[in-house]
């Protein structure tokens with residue numbers, strides 16, 4: 001009875017910890033998105049400099065990642081040559097720079113709720129680019145699902161009360177760059193046996209991302225900031241904002257490490273609905289019934305996509321276990337035959 005009670009207590013603790021990690025990740029992801037919107041929106045904090053904000057984030061994250069890897073040695077660095085860094089990490093840093101720049105820029109023109117609806121296109125972009133680079137196999141049923149997600153997002157866009165073409169182009173560009181980055185991670189890193197956790201990812205990627213952001217910043221935002229002589233960096237606002245961005249990466253590390261990537265995808269759906277509700281109730285963004293119908297359709301498509309991925313993963317694991325069991329059985333039979341042959345030879349020699 002005691003053992004059963006202990007087991008139940010252990011399971012309950014594990015479930016509670018998983019929910020705690022999910023809650024922390026949702027809270028920090030939620031906070032970073034709303035905080036960025038607050039800083040960049042002209043009607044709120046009114047600091048419409050997305051490249052500058054991203055540079056502050058990357059500088060802060062690079063510094064903290066360096067301290068955690070090299071000084072406090074919280075995680076071990078990955079063995080990496082300069083040639084591998086230039087050919088594999090630098091292209092990912094470039095894509096990441098463009099993804100962050102465009103996604104932060106979209107907050108100036110679009111509502112938080114509508115941006116979350118447009119982000120539902122991420123599986124469509126990842127799958128399409130994966131097929132293009134032959135990292136994924138084209139399947140008609142998967143493509144039909146991608147089309148249904150796209151139709152749902154199109155309906156949501158049609159029902160958007162404050163539709164801004166430039167803002168939509170920025171967000172779609174951000175989705176395209178982020179999807180390409182995710183596929184390139186598979187091609188340039190995972191295929192070579194290199195895996196990053198969020199801390200080592202920032203340690204290697206954030207510095208080159210910072211360098212790439214400086215180039216457009218010098219031409220696009222630096223002249224404007226130079227003319228705005230009245231501006232002084234608010235250390236409290238930008239410090240806490242950057243810390244939240246870094247803490248979000250640590251939360252991803254905890255969530256994926258202690259649960260799974262699929263758990264984060266499911267939690268992401270919950271976060272999106274919460275953001276839409278918050279955007280409508282607190283920020284007072286307009287969310288129309290057509291918005292919700294369109295996003296609902298896209299949501300069902302994304303949920304089915306995640307379900308199909310989970311089933312494929314389970315099937316793959318089952319095949320691996322079956323193959324392993326077959327190998328073990330073959331090895332056992334071979335040992336038995338060798339034992340029988342050895343015994344027969346000994347009997348012949350005795351005879």
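A Cβ is built for glycine as well, from the same backbone N, Cα and C atoms used for every other residue.
Annotated compositional bias 'Basic and acidic residues' per TrEMBL: 329-351, in sequence order. If you look up TrEMBL, you'll see 20-306 marked as domain 'Sugar phosphate transporter'. Annotation source TrEMBL lists region 'Disordered' at 323-351. Taken from TrEMBL, the feature transmembrane segment covers 16-35, 47-72, 84-102, 142-159, 165-189, 201-220, 235-255.
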What residues elsewhere in the chain lie close to the transmembrane segment (47-72), defined as a C-beta under 8 angstroms and at least 6 residues from its ends?
36, 39-41, 97, 100-101, 104-105, 107-108, 199-200, 202-203, 206-207, 209-210, 213-214, 216-217, 220-221, 224-225, 238-239, 241-243, 245-246, 249
Spatial neighbours of the transmembrane segment (235-255) far in sequence, C-beta under 8 Å, 6+ residues away:
21-22, 24-25, 28-29, 31-32, 35-36, 39, 45, 53, 56-57, 60-61, 64, 197-199, 201-202, 263-264, 267
